[in-house]
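Annotated features, as they stand in Swiss-Prot:
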type     : residues      : note
COMPBIAS : 47-66         : compositional bias 'Basic and acidic residues'
DISULFID : CYS139-CYS203 : disulfide bond
DISULFID : CYS181-CYS231 : disulfide bond
DISULFID : CYS191-CYS233 : disulfide bond
CARBOHYD : ASN166        : N-linked glycosylation site
REGION   : 47-70         : region 'Disordered'
SIGNAL   : 1-18          : signal peptide
Amino acid sequence: MSMMCYTLIIAFLIGIWAAPKSEDNVPLGSPATSDLSDTSCAQTHEGLKTSRNTDQRHPAPKKAEDQELGSAANIIVDPKLFQKRRFQSPRVLFSTQPPPLSRDEQSVEFLDNEDTLNRNIRAKRENHPVHNQGEHSVCDSVSDWVIKTTATDIHGNMVTVMGDINFTNEVYKQYFFETKCRNPNPVPSGCRGIDSKVWNSYCTTTQTFVKALTMEGSRASWRFIRIDTACVCVISRKTENF
């Protein structure tokens, strides 16, 4: 009788020990834990996607400096390019603001040819030479600093002239000092002070070549280009009618 009781007690204890455990006590790596991990990963991935979509719809505001440099649409120029520059012309100027026409006006910053990393302050040109009382030019001319986008090079080809450049984290414009006739069309009276009974005369704008920074494909390079530099009088002797 006692043996039967012991057998029943042992069978009861074995049955309790073999009963399945709850999900709260499932060891790592079990199917229940894997389902929970997959669910957590899916929720995390969905949260990351939502965050990325929100960032794309509402991008972070850019700094004012970045917006200013981006809107300039300029080309970054290697400082070594200026060290290779030769035949510097006083009619070409790299400046952060429009330069003055007279030395008496406010000076501006520009890149110097000898040391482009050192910006000097000076004015380049005068608007017109000073004449003594009673002196007049045979042709009226006008001078101004201009920005060119295209020009003709020394080989007669049309080239693209760089207007804005990014040099040492500052935006500079390339200015050209041009002089041309005030009246683009010749006047019947001819040049001032020329005897119209003996000479045919007219005023015309002449050009010369200066070294300018241009675009060659996707690279910046120095080229000789033509710009207006003077207004001169052209004369020819009238033929006598017999």
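Cβ coordinates are placed from backbone N, Cα and C, and glycine is handled just like the others.
Secondary structure from DSSP puts CYS233 (disulfide bond) in a beta strand. All protein chains included, CYS231 (disulfide bond) registers 22 other Cβ atoms within 10 Å of its own Cβ. Just so you know, of the disulfide-bonded residues CYS181, CYS191, CYS203, CYS233, the Cβ with the fewest other Cβ atoms around it within 10 Å is the one at CYS233. In the structure as shown, the Cβ atom of the residue listed as 'N-linked glycosylation site' sits within 10 Å of 15 other Cβ atoms.
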